[in-house]
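*Asks:* Just dropping this structure here.
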Amino acid sequence: LQAMSGNEQDWLALRPQEPSPSQCCSSGCKPCIYDVYEKELAQWERAKAMQDKSLLMGKKEQSNNSELNPDTFTAFSVSSVEQLTEDTYQYKFELPGNSSLRLSLGQHIVLRGVVNGLEVQRAYTPISPGNAEGYFEVLIKCYEAGLMSQYIKTWKRGDVVFWRGPFGGFPYRPNKHGELLMLASGTGLAPMIPILQSITDDEEDETFVTLVGCFPTFDKIYLKPLLQDLARYWNIRIFYVLSQETSLEKIPWSYQENTYTGRLNEDLTKTIINSCRRKPFVLICGSSAFNEDMSRYLKAAGLEENSCFVF
């Protein structure tokens, strides 16, 4: 019996830690970090009641088998870091052999970082095709004061980073919608890219797409070469809305006819919807303020709520 009370402290040390609010990425993941905690707590209580620590052996916080998993974090190593604009980077991660994340369109994955001893989790959407072999790529904007950004900015080639997922996604089926209207602000471009690529890669898919990318200035448009390539397809149109540019004069002429200065407001949204070749199904991704504004503009333009999806 004496051994058991000394045992109490051992058990306490094994008790799973309740997540702090900063660890939840608020993207509606299934399972959420809190679900994982509840499951681990129940497992710990069962093991403690039976005084059998071997019941906890299945409790793996991290895995190194490089299979993405929604419940546990898996280690992936950074294979390249490319700075796209002053605050935005494209990170490439290695996948063993020719394996693939096998993400469905627009799915996000959750990153775990530890900053000053505080664990933080954030959701990001890979921009590489879901079936890309041997690697995946993520577009990340770093914020001056962002906790996670402080951690991300230290990454260099060869560093090991922990991800879990996938979650969410947009259930896209070829030719289901006559036209997709994509309204993206900044890194909100990320979930749109794999959908665009799946449409251009599939000769049978005749969906029209109008992508509207909102950025502060011309220099801050991400992935220009990729977007220019996509815009050459007969069924893809790309518009840029630059909130901090006042005139189109300094912008290369090849972009001028598809670029608007100022903000994407209600009038411009209506104009773009009216220029769509068919009644569009709308995909929205940006900050919560951007998403709310866009939903309001669509309503004003007479589009029903069931004809839009917010990432």
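Note that Cβ sites are derived from N, Cα and C of the backbone, with glycine treated the same way.
All annotation found in TrEMBL is predicted automatically rather than curated by experts.
Per TrEMBL, domain 'FAD-binding FR-type' is recorded for 71-173. Annotated FAD binding site per TrEMBL: R122, Y124, L139, K141, M148, S149, in sequence order.
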*Asks:* Are there any residues in the same chain, six or more apart in sequence, whose C-beta is under 8 angstroms from the C-beta of S149 (FAD binding site), and if so which?
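*Replies:* The list for S149 (FAD binding site) reads C142, Y143, given in order along the sequence.
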*Asks:* Quick check: with R122, Y124, L139, K141, M148, S149 left out, which same-chain residues have Cβ atoms within 8 Å of the centroid of the FAD site Cβ atoms?
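*Replies:* Once R122, Y124, L139, K141, M148, S149 are set aside, the remaining close residues are L111, V138, I140, C142, G146, I152, T187.
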*Asks:* For the domain 'FAD-binding FR-type' (71-173), what is the mean per-residue pLDDT, to the nearest integer?
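*Replies:* In the predicted model, the domain 'FAD-binding FR-type' (71-173) has a mean pLDDT of 87.
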*Asks:* Just to confirm: which same-chain residues, 6+ apart in sequence, have a Cβ under 8 Å from the Cβ of M148 (FAD binding site)?
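*Replies:* Result: L111, G113, V115, V120, R122.
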*Asks:* Just to be sure I understand the packing, how many Cβ atoms besides its own are within 10 Å of the Cβ of R122 (FAD binding site)?
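*Replies:* There are 21 of them.
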*Asks:* For K141 (FAD binding site), list the number of other Cβ atoms lying within 10 Å of its Cβ atom.
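*Replies:* Here the count is 19.
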*Asks:* Please count the residues of the domain 'FAD-binding FR-type' (71-173) that DSSP assigns to helix (H, G, I), strand (E, B) and coil.
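*Replies:* Helix (H, G, I), strand (E, B), coil: 6 helix, 51 strand, 46 coil.
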